[in-house]
Amino acid sequence: MELKQDQIVNFLKNYGFVYQSSEIYNGLANSWDYGPLGALLKNNIKQLLLKHFVFSQPDMKLLDSSIILNPLVWQASGHLDNFSDPLVDCKKCKSRYRADKLIEELNDDSIKITENTDPSYLEQILVDKKVECKKCESTNWTKIRKFNLMFKTFQGVVEDSLNTIYLRPETAQGIFINFKNIVRTQRMKLPFGVAQIGKAFRNEITPGNFIFRTREFEQFEIEYFLEPELVKEKFDWYINQIEDFLINKLLINKQLIKRHEIAKDELAHYSSRTIDFQFNFPHGWSELWGLAHRGNFDLTAHSNESGKTLDYHNEIEKTKIIPDVIEPSLGIERILYAIFCAHYHVEQLADNDSREVLRLPVSLSPYQLAILPLVNKLKDQAYQLYLDLLKISDANLRFDFDSAGSIGKRYRRYDAIGAKYCLTYDFDSLEKGIVTIRERDSMEQIKIPISELRQWIRNNLHE
């Protein structure tokens, strides 16, 4: 069955993964809050990314840079001049669109659009192809104008151009401007990488497709610094690592993932090569994870703007270079959405029954194990077992407790939210010290002594 966006959105809202932000005030467009389950799942994703790409690598460091940076950072990086979208308005109903996206939806292979495409060319296509407004079907468009995507605000009490600052549209620049600090304080030698997870903000003209494109989001970015002659080998290494992570760590079906090499004439101004790893979302194939060779564009640009030399000094060979950079870049909300789409299933059972199942790998499950008393009179004893297990809980191992409703309905709820196992505390538990463990995907059950429960947890709930 083909998964519809409305279906997955309703599921996530109903179970408390995602809420409409400011809902009691009728919400705020394109703004979402992550409920208790969504917050846990997002944290699991981030921990898994750090474990795989940072903490298990001998040449990686972690950074947490400021959201608000000196505006000259954005002047040097090109964001003030180039980080914009072509905005066009419908003259009839005043609806606003990205002109390039309207044209892309024509699916006309003869039309090539890049970030450097002249606005007059886009205007002519809108006229020649009689592109209609999605809301009122008018073909009467305004002139295209460039709309900068950075959120602008002011620092201090005076709102003038001297106090203008911006919320960062990416985390990468915080890494580049700290290159010298990291080399000096951490005594780094090329090649090495720096990773960062943090908030970024983009004032998108047409956000949408649920959490796929939002104005506030989290990024996981790595800037890997290296000599030019090592670029190809490391670029290929990251291709393999990203695919391995998606398929073998997140257990995403490889049929839902494909590579897309960006054509030379479509590359961003800073990139000499970019591969997008695309996922088949409900709205179609779209970018999930980007991998770019940025050359030495950023370090050179910041050297020129700041007057500080951001080079690397090889003390053994007595040489200086401005290293090249390879950048894997991922939106946390985007990979979260892909995980939901990949692992959500509606399973048909006997007697015309069905169940919703979120078949998450155990490392991603919001709760690895739920403790459920069979009947209410066993609630106190089951809750004490739950409290005992909480003593061994940590960032990667979480337990939950639920005593409300029939055991069957509780099983269904935990299947739906992705809990890998349910532990049932029944009369055998009380009289013989034996509990029943039910596995989510197969629904098979085993019985184990409570005395062996911690060993079972070590064997089955840690990856």
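The backbone N, Cα and C atoms fix where each Cβ goes, and this holds for glycine too.
Under DSSP, L330 (substrate binding site) is assigned to a strand (E or B) in the three-state scheme. The Cβ of L330 (substrate binding site) has 24 neighbouring Cβ atoms from other residues within 10 Å, across all protein chains displayed. Per Swiss-Prot, substrate binding site is recorded for R98, E170, F217, E218, Q219, F220, E221, E327, P328, S329, L330, G331.
Among the features that Swiss-Prot reports, ATP binding site is placed at 202-204, 212-217, 287-288, 331-334, with the record citing sequence analysis.
Of all the binding-site residues listed (L288, I332), L288 sits in the most crowded Cβ setting, with the most other Cβ atoms within 10 Å. The shortest Cα-Cα distance from E204 (ATP binding site) to any of the binding-site residues (R98, F217, Q219, E221, P328) is found for R98.
Compared over the binding-site residues E204, E221, the count of CB atoms lying within 10 A of a residue's CB peaks at E221. Counting in whole angstrom, R334 (ATP binding site) lies 9 from F217 (substrate binding site) by their C-alpha atoms. The Cα atom of L288 (ATP binding site) lies nearest to that of L330, taking the binding-site residues R98, Q219, E221, P328, L330 as the candidates.
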